[in-house]
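Since the structure comes first, as structure tokens, the remarks are kept for the end.
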Amino acid sequence: GKEEWAPEGSETCFPRTVVFLTWHEPISWVLLAANTLLLVLVTGTAGLFAWHLETPVVRSAGGRLCFFMLGSLAGGSCGLYGFFGEPTLPTCLLRQGLFALCFAIFLSCLTIRSFQLVFIFK
């Protein structure tokens with residue numbers, strides 16, 4: 001049944017075990033603390049960029065495009081919270097979809113910014 005599995009070519013079935021990170025394991029606390037720190041830093045950077053949006057430093061860093069990059073980094077980081085606790089179908093779909101979308105947006109922004117720099121210095 002669905003509660004057992006067998007390696008290919010084997011005649012013996014083994015019971016399925018589900019292994020996942022719980023919220024109260026030490027490694028979970030380390031990952032959550034690091035991710036929360038990352039989100040605080042990204043939010044602080046976005047706030048600082050918004051405060052000084054018209055300065056040459058922020059404009060040379062990408063201007064408004066930086067907000068898309070920082071937002072996609074924050075969104076991808078939020079997907080980490082879906083990896084804790086017993087997995088369900090909605091959490092599996094959301095965490096993978098959220099990360100894939102945010103990572104694609106981030107790479108697109110990074111590529112655009114790289115092309116801008118190449119054309120500026122050419």
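Keep in mind that glycine also has a Cβ here, set from the backbone N, Cα and C atoms.
The transmembrane segment annotation in TrEMBL covers 27-53, 65-84, 96-121. Summarising the annotation, TrEMBL assigns domain 'G-protein coupled receptors family 3 profile' to 27-122.
Secondary structure of the domain 'G-protein coupled receptors family 3 profile' (27-122) per DSSP, as helix, strand and coil residue counts: 83 helix, 1 strand, 12 coil.
On the 0 to 100 pLDDT scale, the domain 'G-protein coupled receptors family 3 profile' (27-122) averages 92 in this prediction.
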